[in-house]
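If you look up TrEMBL, you'll see B:5-190 marked as domain 'Electron transfer flavoprotein alpha/beta-subunit N-terminal'. TrEMBL lists B:Arg211, B:236-237, B:250-254, B:267-274, B:Asn288 with the feature FAD binding site.
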Amino acid sequence: MNIFVLMKRTFDTEEKISIVNGKINEEGAEFIINPYDEYAIEEAIQVRDKHGGEVTVVTVGSEEAEKELRTALAMGCDKAVLINIDDDVEEQDQYTTAKVLAEYLKDKNPDLILAGNVAIDGGSGQVGPRVAELLGIPYVTTITKLDIADGGKVTVVRDVEGDEEIIETSLPLLVTAQQGLNEPRYPSLPGIMKAKKKPLDELELDDLDLDEEDVEAKTKTIEVFLPPKREAGKILQGEIADQVKELVQLLRSEAKVV
Amino acid sequence: MARKVLTLAEVRDGSLRNVSFEAIAAAKTIAEGGEVVSVLVGDQVQAHANELIYRGADRVVVIEHPNLKFYTSDGYSQALKAVIDKEQPEGIVFGHTALGKDLSPKLAIKLDAGLVSDVIAVEEAGGNIVFTRPIYSGKAFEKKIVTDGIIFATVRPNNIAPLERDESRTGSVEALAVEIKDLRAIVKEVVRKTAEGVDLTEAKVIVAGGRGVKSAEGFKPLKELAEVLGGAVGASRGACDAGYCDYSLQIGQTGKVVTPDLYIACGISGAIQHLAGMSNSKVIVAINKDPEANIFKVADYGIVGDLFEVVPLLTEEFKKLKVHS
Ligand SMILES: Cc1cc2nc3c(=O)[nH]c(=O)nc-3n(C[C@H](O)[C@H](O)[C@H](O)COP(=O)(O)OP(=O)(O)OC[C@H]3O[C@@H](n4cnc5c(N)ncnc54)[C@H](O)[C@@H]3O)c2cc1C
Ligand SMILES: Cc1cc2nc3c(=O)[nH]c(=O)nc-3n(C[C@H](O)[C@H](O)[C@H](O)COP(=O)(O)OP(=O)(O)OC[C@H]3O[C@@H](n4cnc5c(N)ncnc54)[C@H](O)[C@@H]3O)c2cc1C
């Protein structure tokens, strides 16, 4: 089976966030594989181990994403591709990213493509479905279970705001991973050693026969800001019974929510 | 600049979801005096059309087909594409719900368009329609504009105020016949986990429990408090993973994103993935026995104490308040 994983390198949002020159400050910040993409990688490896084939992990990003690609290889992916469009494209949005990914994938005959359901930084959840539609294949988002029968029939469990849908579909297919799909493995030491020798290709816009205009963003960020500093919350003091009385008063007269 | 704007109405358990009305309100802002057309898609949904007019839609287009009984991206995109081709709108607004999230990117590709997802505010500023949306798991925000093509956005439930309901509003309701076929993914079964009638994303008050609640039984006092306040019960991943409650109650990045007027977090530590789902709540109360718990950093009011002592007392106080008023 020819399996692809779409992986995004993301800012670790557990970290403190600050803004410098109108942009999120990335200086010294921790970057990680988008957590939902870890589920996608794990699932891809499991599907390959069961059905045979190869897993290629693909990212659109800068050179720094090599680190996360190596981690994916250490987990067990077979090949990695870094599509670096930093020098070619100034403004990038989900339209751009999806177009670039689809252009790369269109002649690769993918059987199965896995993505995360949402990136924890950009947070739109657009890229997976966009790529599927560009390739003309079906997709199922926020999946928690994937079963591929011999012959290509696929049964998927989809999380829909807490309810479950049992969906029948077929390959080729794109799915996006929801938490609960699996428990992503940690790269093993031998895995890390092997990863160093696995192929990691780097492509640019030119290699995909795309021009800057083909992938020009349709939206633009005009401002990034932090939420207004919450005044330090009021930690109530005294006997618990008195605190409770005070809280009810505050919710009524100060916050006016009850 | 007046624009024609389409909105997608969503029906769940036989009623329109509030986000349908919020989408109309957002569409009004984008339309700048132009027409707002709501689209109602499903199997038997026509009966809801007038309500959309009362909520501000100028016109409603209804597309009914047996293959639209369950949402599928193939079926719904065929329906929506047909209305869009006919109406040629300059703007589109969906709810940022499971359905809206799944469908909007597909349509955006069909329209060769951009898409601004998970919007919490819309305004006209400096000749642009400006959208505000959370980024970085809710730790920051961005303002976005559409620079090319149709203005397409999805709005987070419970953030944009709907228009006042007005039964004197009138507007036409039209049926559009669309052939819905070749569904490549079929919904075989829906396993309901959520209690009927409770939509956490629309609740004005949420009492949420975490691992600190310690058992399924431990949720009882939280339910009682929610009941007195006319609210709903939610949970953290910790509580769901421990089996104290169903995953359908989960709030956070993986679960539901909520923006109630009042969020009472009981025995929840305040992990970033949980905060991503509730930090936009208007007022946050934290009850936790650990004074260092992260949840206190986002709370407006905090009580350091045992939730099993605090929550029943709170219920009693609110009951007294109810009797007096
Ligand atoms: C050089 C550069 C410049 C940028 N400039 C801007 C800008 O000006 N304005 C702006 O708004 N954004 C900008 N971005 C951010 C970027 O456009 C978005 O983050 C990206 O389109 C993904 O959107 P998202 O974060 O909403 O991901 P989602 O759609 O939420 O991601 C869902 C899933 O799609 C897949 N995916 C997402 N992104 C990638 C990727 N890059 N590679 C492989 N798979 C992916 C993953 O599986 C992910 O889990 C820039 C990014 C780069 C690298
Ligand atoms: C990819 C990913 C996605 C995730 N998505 C989500 C999500 O959507 N939603 C979510 O919630 N989490 C999510 N998580 C999990 C998250 O990281 C935390 O593990 C989880 O939120 C912790 O739940 P908790 O606060 O209930 O438990 P804990 O962190 O164990 O906190 C329990 C708290 O209860 C307090 N406590 C204990 N006893 C009492 C008592 N008697 N009275 C008062 N307080 C008491 C303790 O002091 C403690 O602060 C996600 C994680 C990952 C990796």
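Numbering starts at 1 and runs along the chain as it is shown here.
Just so you know, glycine gets a Cβ as well, placed from its N, Cα and C.
Since we're looking at a predicted model, the values are computed, not measured.
Projection of TrEMBL feature records onto the structure.
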residue  : record           : Cβ within 10 Å
B:Arg211 : FAD binding site : 18
B:Gln250 : FAD binding site : 28
B:Gln253 : FAD binding site : 24
B:Ile268 : FAD binding site : 32
B:Ala271 : FAD binding site : 17
B:His274 : FAD binding site : 28
Across the whole of the domain 'Electron transfer flavoprotein alpha/beta-subunit N-terminal' (B:5-190), what does the mean pLDDT come to? Round it, please.
97
For the binding-site residues B:Arg211, B:Gln250, B:Gln253, B:His274, which ones lie near chain A, with a CB less than 8 A from one of its CB atoms?
B:Gln250, B:Gln253
DSSP on B:Ile268 (FAD binding site), three-state: which is it?
coil
Under a three-state reduction of DSSP output, how is B:Gln253 (FAD binding site) classified: helix, strand, or coil?
coil
